[in-house]
Amino acid sequence: MDLTTTTTRQRRPLLSGSTSSSTKPYSKTDKPRRSDGGDAEDRGLGWFLPFIALCYLRYMSATSNIVHDCDEVFNYWEPLHYLLYKSGFQTWEYSSNFALRSYLYILFHELAGRPASWWFGDDKVRVFYAVRLFLGLLSAVSDTVLVVALSRKYGKRIATYAVAMLCLTSGCFFASTSFLPSSFSMYAMSLSSGLLLFEKYAMAVAVSVFGVILGWPFSILAFLPVVIYALVKRFKQAFISGAATSIFLLGLSVLVDHYYYKRWTSSVLNLLIYNVLGGGESHLYGTEGPLFYMKNGFNNFNLGFVLAILFIALFPVIRRKYDRCLLVVISPMYIWLAFMSLQPHKEERFLYPIYPLICVSASVVIENIPELFREKYSTRESLLVTITKYIRPVILGLILCASHARTFSLINGYSAPLEVYKLLEHHDDAGPGSVLCVGSEWHRYPSSFFVPDYISEVRWIDDGFRGLLPFPFNSTLGGTAASPSYFNNKNQASDEQFLKNIETCTFLIELQLSRPYAYRGSDLSTWEAIAVLPYLDRELSPAKYRSFFIPYKWQEKNVFGKYVILRRVPK
């Protein structure tokens, strides 16, 4: 071998090196290049393999993901269903009087839903999954940009760890195909962070604006580090890009809101006023303690979340190899966690925008574990450093295995609502005009996409809930422009929301658990079960067994109820 054509990768500057070289941050371009094809290696990961891997996992998520939040159904799936099929449930946020939700966001998803409705016709379930596949594709594209950017700037190893976590951690698996503004902001966070690493500052700011205005306005706090850094680097280009995109999207949002609400208003402004200036009463919908997101983050990322949080503590070591741009990319994770933990109303979906950053932060920490045991100015590696190099893939493997256990447990434990409603299409012999009734299970209603056309209406029945429930869009009152009197912003139940005469119910959806009281479905003279699926009983199942799938123990230790469709017995 010709020694003149080979070089040794310099992990640490030598003592004899200059002061400036000893403090210079590491970047991918600092690596000595080899003459035997080294340039191709220095370009990092290609686009194809990360994109294919992410597409495959997003496809799996789109086809197997459960609906995690009733807000996803009633504030997003139902308005989309109304635009496509002229039926669906309306919440008070969509009342023209309040206009807190943007139809521009719904229209964006109609780009996939409308062609799918033409293609699949009356098969609305396939339309539902077509929209989910569209969401999965958006997630795969944005995450691929982030992964390739990491690879080009900081090396293949970090990028490989990151793509593995983006593909397989439970948080990313579920959030990537959820029809929620926080998921859209998550796509924008991945894409804007990747563009920042590619030094496409104007584009990074434009994407951030999309994530805030088209997605979730409150996520502006998470995008601030990217926007500020881009303005510092390329003020004129970044400012013009951000201002032009903001004006365009805000103007378009106002026009779309006017078209649907039939009055001049801005849903973006209304949402901010209600929750910030108007003293929004989100506490009406439940509050959680300050450690809620810490517990939630561990459930969705397990050890990966712990390592991600440790990034800032290990930064004095990490900064020896990486420039401050990496800190800018990861900093929204801490800002967002701190801000959201201070809010009384907490929900899992509120953390979605920073999920990709958790993966990046954990990947950086894993990659730098050997650096913790390396002497600062030594060029020789100790045995401990060598051992820790081989521990890195073990740690990543443990994170991914625990994530798979979490994903498996949730999908198999809580998928019954989606699967049960699909079975309704096989009972069309009940005839047109059938009525589907739902009691305490209203919050697990998977959307009108799962209700076949022979069912004329879905009605709520009183099972003790005292909050305000959604009502069907009322075309006689103006449809999307309606401002019904039964809506209020105090979460106060309306007398009209429940069906008074349950004798008109043809079908009944019910979750039967081991509780000391009778269920309506217990009356076999009135109801017969036509479909029964197991549903994990959260209250009676031990936390460690219900949260993570443990082979041979998950089925044995957990308690399951019955998720049933009941049909009225003909008299």
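For all residues, glycine too, the Cβ spot is worked out from N, Cα and C.
According to TrEMBL, the compositional bias 'Low complexity' annotation covers 16-26.
The compositional bias 'Basic and acidic residues' annotation in TrEMBL covers 27-39.
Residues or ranges marked as region 'Disordered' in TrEMBL: 1-39.
For 127-151 (among others), the entry in TrEMBL reads transmembrane segment. Residues 28, 44-47, 50-51, 54-55, 58-59, 61-63, 65, 77, 80, 84, 109, 111-113, 116-117, 119-120, 158-160, 162-163, 166, 172, 176-179, 183-184, 186-188, 190-191, 193-198, 356, 360, 363, 447, 449-450 of the same chain lie 6+ residues outside the transmembrane segment (127-151) yet bring a C-beta within less than 8 angstroms of a C-beta in it.
The feature transmembrane segment is assigned by TrEMBL to 158-181 (among others).
Annotated transmembrane segment per TrEMBL: 201-232 (among others), in sequence order.
Cβ atoms under 8 Å from those of the transmembrane segment (239-261) belong to residues 96, 99, 102-104, 107, 202-203, 205-206, 208-210, 213-214, 227, 231, 267-268, 480-481 of the same chain, restricted to positions at least 6 beyond its ends. Here TrEMBL flags 239-261 (among others) as transmembrane segment.
Feature annotation from TrEMBL assigns transmembrane segment to 301-318 (among others).
The transmembrane segment annotation in TrEMBL covers 325-344 (among others). Below 8 angstroms of C-beta separation, residues 153-154, 189, 193, 196-197, 221-226, 229, 282-283, 287-288, 290-294, 297, 308, 311-312, 315, 318-319, 350-351, 353-354, 357-358, 360-361, 364 of the same chain, each at least six residues beyond the ends of the transmembrane segment (325-344), sit close to that stretch.
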